Protein chains: 2
Amino acid sequence: DQTTPNCVIKVHDGTRDYNPKQMAIREKVFNTIIRCFKRHGAETIDTPVFELKETLTGKYGEDSKLIYDLKDQGGELLSLRYDLTVPFARYLAMNKITNIKRYHIAKVYRRDNPAMTRGRYREFYQCDFDIAGQYDAMIPDAECLKIVHEILNELDLGDFRIKVNDRRILDGMFAVCGVPDDKFRTICSTVDKLDKMSWEDVKKEMVNEKGLSEEAADQIGEYVSMQGGMDLAERLLQDHKMSQSKQACAGLSDIKLLFKYLQLFHVTDKVVFDLSLARGLDYYTGVIYEAVLTQASAVSAANEAQNCANAEESVSVGSVAGGGRYDGLVGMFDPKGRRVPCVGVSIGIERIFSIMEQKAEASPEKVRTTEVQIMVASAQKNLLEERLQLISELWNAGIKAEVMYKKNPKLLSQLQYCEEAGIPLVAILGEQELKDGVVKLRVVATREEVDISRADLISEIKRRTEA
Amino acid sequence: DQTTPNCVIKVHDGTRDYNPKQMAIREKVFNTIIRCFKRHGAETIDTPVFELKETLTGKYGEDSKLIYDLKDQGGELLSLRYDLTVPFARYLAMNKITNIKRYHIAKVYRRDNPAMTRGRYREFYQCDFDIAGQYDAMIPDAECLKIVHEILNELDLGDFRIKVNDRRILDGMFAVCGVPDDKFRTICSTVDKLDKMSWEDVKKEMVNEKGLSEEAADQIGEYVSMQGGMDLAERLLQDHKMSQSKQACAGLSDIKLLFKYLQLFHVTDKVVFDLSLARGLDYYTGVIYEAVLTQASAVSAANEAQNCANAEESVSVGSVAGGGRYDGLVGMFDPKGRRVPCVGVSIGIERIFSIMEQKAEASPEKVRTTEVQIMVASAQKNLLEERLQLISELWNAGIKAEVMYKKNPKLLSQLQYCEEAGIPLVAILGEQELKDGVVKLRVVATREEVDISRADLISEIKRRTEA
């Protein structure tokens, strides 16, 4: 029986439908990002939404508990992808690809606590750009930062900063501060909380929960408060403690080189070397970075959403892009452990969407959800056939056109539809026009009407709407 | 330890990665289809990849066993979407939308036996266009067929036919042939096999497996061999048996009206009223249609893939588009059972991909996977900084450009890269050029070289590559 209703109509918690208006905004953002990726010569690939469960095993540390598994219905054990980086590494190893520059835009899945007002969903898009291959140091890394700079500029989201650091600097720092080797990762993930927690609380977690000595914590505290540019990297290379770590020195030299290339790209104004940047994921091996919006308008929007008590004190609104170098991940999939060095960036598109949506809401201009140029209308009854014939001609000429699906629609309701949908032109057919071989072309905004011969109609529509 | 390799590197049976070449073809096909959908004024929406399990329950008849379920990890029971139509109906009911024309392009999931050489995957794209709303008969239905006609023409896949029929004609036919009411659906799904099985085998299934009388089967056999146009609909309206069914008559009158509108759209050359067309899905209530390729080249490709013994006898290569009217589906989700009449079409994109891929393989022209206009190269050593500075200028001017990620790449390897990737231009920097304030612009195809001043470079690149 087709009329028995279901009891609940909803989607899964933490997921959402996108309505046409949201899709129009999404399309605009994607186009900007894809244009940038293509400008930098990237190819694109696609991978299945699920991977074999074992492909994802051991890649995400503690976050593995957030992976969605499929039910065992006989056959292979599957999990929904958690990010696009591990599928990319699997793709490279499986196809023995050692050089590629690719972007991949697709949805990923995390069984996280949804916080949809803050733009945190369980199904969300990632826009990843990665460069794989054995190249000279920091050249592809610098290009990734240039890309972030271009995209955030073009999207016009307000002022931003790109923080950079290096896993080797963090590890070297932990070593010289007296953190035991086996505590590097867990201390690192505590440092990662510095953008949400005060140093006091971070220190407490290190000492009380992770069992670090107070002394070591204090030394870390000094370093992670440091921010600067190439000068800071130079100073730390001279630092009596830091310079004892070979790893840290390698990282610091690369940061210097990175800044040199970023100067050539004219993007150093937005880039800051920040020793508190840690980033959670296990697989990073070198440079890491994260872009945050700093503009007041974005701050207030984010604070409102985050229900933040000390709103005015906040300067950053969380990450809108992040990435880094992961030279070991592809080797994890290769039977012989062959390494393919990789560096990449992921654009945090969901947060960008919500900012763009807020901007659209605040703007007096209506978001159009179609690009229709003209409505084929009739002023009298019994002209359906003539309307269908005309619209068919327009479609065949590549004109975006609509007609009302009624035999005898009222002229007023046809015009109202155009106003609501933002359709700029109406072709009005009437007995007289048909006799004269013309169409009355009406400009919706000005209500101006002019008779156009059927032969000139298409070029006239193009002239008026394809500016 | 990041060097421990996994044992198996593969993707789930019946799914695949798309490499950059396949993605380039896919993008071209999608662009053609989306352009058509937009020309007809469609908005787009998106829905989550999984739905609550209960949303999909009872919508697909026997095919329900092919639904992928997620594991119960606490929380809601979820299934991967099986098509885009049921999520669309759920979306309409949930948001109380009674009028919309939307397209949706996304992947769907079926635990079917994969037959990847025949383009049958477990994860595959659907491209759906649907019109929801209470409108005058057959106007939106005719537009759906016009869309199929436009898309198949534009994709240039060879000759095609669009078969149309109506669920009410099928049901009426079953009634007047003496099929018991409770056997309509199962007999209908047997009729649906006529494109793959001979009438003899279909009849056997009806009589031996489904328990239909031989007499009734023979009567059905007569009808389902009929093909024609508006004339056939008129003849059947006079048919002494068929005309006894009110349902059949309603369907036949609508087929007549449909052909009238299709004549105005000039597409009747490809459309055939075919009483053997059944289509499996439960939810259709009115007009149904299916487009098949008939061209020899496509036939041979498909036959090869299908390992078909009687290759030369085959005329159709299976469906590349299909759809119909489903007036009851939205009501299944509405608590009050309110109906929203819908009609739509789904483009069988996977089969189209594989035909386009075969065409690309056969063509002497290489498929480009990027749109890069120029490579910034150097003729001597130690010019990395100059290359980075120049490419940064080009990127900022919107030029698609690449540079090799080496401090001192050989000129030859830079030129070879261009040849392989199909990059048409090279900007060559050398000591002399830098002194003179020029760039040597090389046309890869002709090896022509010309000095261009730095001030004119961007406009010159655009002139030569943005034809």
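The backbone N, Cα and C atoms fix where each Cβ goes, glycine too.
For reference, TrEMBL has these:
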BINDING   B:D83, B:L84, B:T85, B:R110, B:Q126, B:D130, B:R279, B:Y283, B:Y284  L-histidine binding site
DOMAIN    B:1-364  domain 'Aminoacyl-transfer RNA synthetases class-II family profile'
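If you take the C-beta of B:R279 (L-histidine binding site) and look for same-chain residues 6 or more apart in sequence within under 8 angstroms, you find B:D192, B:I288, B:E290, B:G322, B:G324. In the three-state DSSP scheme, B:Q126 (L-histidine binding site) falls into the strand class.
Of the listed binding-site residues B:T85, B:Q126, the Cβ environment within 10 Å is emptiest of other Cβ atoms at B:Q126. Reduced to three states, the DSSP call for B:D83 (L-histidine binding site) is coil. The 10 Å shell around the Cβ of B:Y284 (L-histidine binding site) contains 24 further Cβ atoms across the protein chains shown. Sequence-distant contacts of B:D83 (L-histidine binding site), defined as residues of its own chain at least six apart whose C-beta falls under 8 angstroms from its C-beta, comprise B:V108, B:Q126, B:S346.
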